[in-house]
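As structure tokens, the structure follows; a few thoughts come after it.
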Amino acid sequence: MADTVIRTQHASHAHAAGPRPRPIFSRRNIIIYGVLIVLALYYLLPIYVMVVTSLKGMPEIRVGNIFAPPVEITFAPWVKAWSSVCTGLNCDGLSRGFLNSLKITVPSVFFSIAVASVNGYALSMWRFKGANVLFTILIIGAFIPYQVMIYPIVVLLREIGLYGELSGLVLVHTVFGMPILTLLFRNYFSSVPEELFKAARVDGAGFRTIYFKIMLPMALPIFVVAVILQTTAIWNDFLFGAIYTRPENYPMTVQLNNIVNSVTGVKEYNVNMAATLLSGIVPLSIYLISGKLFVRGIAAGAVKG
Amino acid sequence: MSQNGKPSGLFKNLSAKIAAIPMVLTALVVFVGCTVWTIVFSFTNSRLLPRADWVGLAQYERLWGTRRWLISIENLLIYGSLMLILSLVLGFLLAALIDQKIRFEDGFRTIFLYPYALSFIVTGLVWQWVLNPEFGIQNVVRSLGFGNFTFDPLYNPNLVLYGVLVAGLWHGSGLVMCLMLAGLRGIDEDVWKATKVDGIPTWKTYIFVVIPMMRPVFVTTLVLVTSGIIKLYDLIIAQTGGGPGLASEVPAKFVFDAMFVSQNLAQGFAASTMMLVAVTFIIIPWAYLEFGGKKNG
């Protein structure tokens, strides 16, 4: 211990040759970490306030400070938000929306990725006539404001009898997930060496064989990325859920908004925050668990396009 | 295209064509068909149900004479330009800071990006609560002894857009950071070494060397953020509901309300067609830049 102190003192006096060691508390580091920490507070504040508020009783919220930690921790708001808070005529809490969201998200993620991965594969490897035009329409379609298409889709869904049903919403999610996912898969498959594809063709492998035997196993990481992207996107959707489902089929986001922004009754802020957290838990855990894959997905999908 | 030099018949690549059917249907029926349908019916007098009762441009004349629509447009322009600039600046700043070989890089990145995983509804509701004057920041500062402190952006028509902006930035800047960081990491170490040797200060390297090299990343980010801004709807619904008064109305909400609340379908069609026109003005130059000049690559 004493030895190191002496040595560092010695080093700071003598201007030895070689690169100067960068001290931990250099001005540069203080500025960088200072700015980062201040910005981190902006990002962390809301989730902290949410957690703290959801664990307080209403009397404590009325007299206290939203940033103060709870004096008496109570889980009653969580229980109420999950199982007994009312939206319209239904008083079975957010659990209903949770189940609906699950029933919407799982098939939507599956179908949209299944379709889009085949699309991306067909577009990048097979380049049939009209492929480029089709892909261009698809990508431009991603930029058409949803508002332009929502009503005719209502008419279409009504025609095929799926308006208001969960399956209708699944179809809508599959359709609107197609551009971005197709782009993701097309970019991935375009980076696959062409020799691989040609070799498989020479060996007599067809469209399906190449997809299932070569491309699918190779593209597993990008499938994981797609699952992460789609699950969060569909779980978080509000607009389509609000338009294409009946109240008893509302996904969690729509139900949550109806609970918190309802004008009737006394506002129970702790229940509201517990409900908000509950509907954020699924995408948040996906994000925290998937970590770098989530990041890689965003970067791969956007930068290479 | 070039390696398929052989003349291609109808049955060439048949399986690929069959597999592309869902894509064809989506592109033609939904993206083209539904868009055309809406444009066509914006020239009718449809109210509760779509009817082929042609009235020419009357709906558009009425739309541009509607105060609420004009306010919506103005709000979107203010919010959009601020959001675009600030999210690019904040996103780039975050990325540049994280790129300084810092400790806890993963930790910081996780913190800056997590709001992006949450829905706009959650975002709007949380910030509605934090900005609530009765309990939120205003109340906290007042209880510290500043009795006259007022901070109620969501209840002040002049400030409400900035209240939404705080939430929008919180949600979206992490994405920009991610894209920028990928761009920064894609830049060759040699560039940095060369500018170091030449004694160019770091900030100058960023502005005159690195940022111009990141042009494709900036274009992509710009397009992504802009298309997100035009879709702005959920956040407004959750955070302000368009209020106070009409102070935070946006075009997407105007369309939704005309179609599904006030049973004024054709107004909704006309308004959404205007949104499409606005988007077209953004896409065409971008598509031209991205795809038009790509013949060699």
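Note that Cβ sites are derived from N, Cα and C of the backbone, with glycine treated the same way.
Feature annotations, courtesy of TrEMBL:
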DOMAIN    B:73-288  domain 'ABC transmembrane type-1'
TRANSMEM  B:20-43  transmembrane segment
TRANSMEM  B:76-98  transmembrane segment
TRANSMEM  B:110-130  transmembrane segment
TRANSMEM  B:159-184  transmembrane segment
TRANSMEM  B:205-230  transmembrane segment
TRANSMEM  B:269-289  transmembrane segment
Quiz item: Short question: which residues 6 or more past the ends of the transmembrane segment (B:159-184) have a Cβ under 8 Å from it?
Solution: 75, 78-79, 82-83, 86-88, 90-92, 94-96, 98-99, 109, 112-116, 118, 120, 123-124, 126-127, 131, 152-153, 210, 214, 216-218, 220-221, 224-225, 228, 232, 235-236, 239-240, 243-244, 247-248
Self-check item: the transmembrane segment (B:20-43) touching the transmembrane segment (B:205-230) per 3+ Cβ pairs under 8 Å rule
Solution: no
Self-check item: Intrachain neighbours beyond the transmembrane segment (B:110-130), with Cβ under 8 angstroms and 6 or more residues off its ends
Solution: 94, 98, 136-137, 154, 163, 166-168, 170-175, 177-178, 233-240
Quiz prompt | Outside the transmembrane segment (B:20-43), six or more residues from its ends: residues with CB under 8 Å to it | solution = 50, 52, 54-57, 59-60, 265-266, 269-270, 272-273, 276
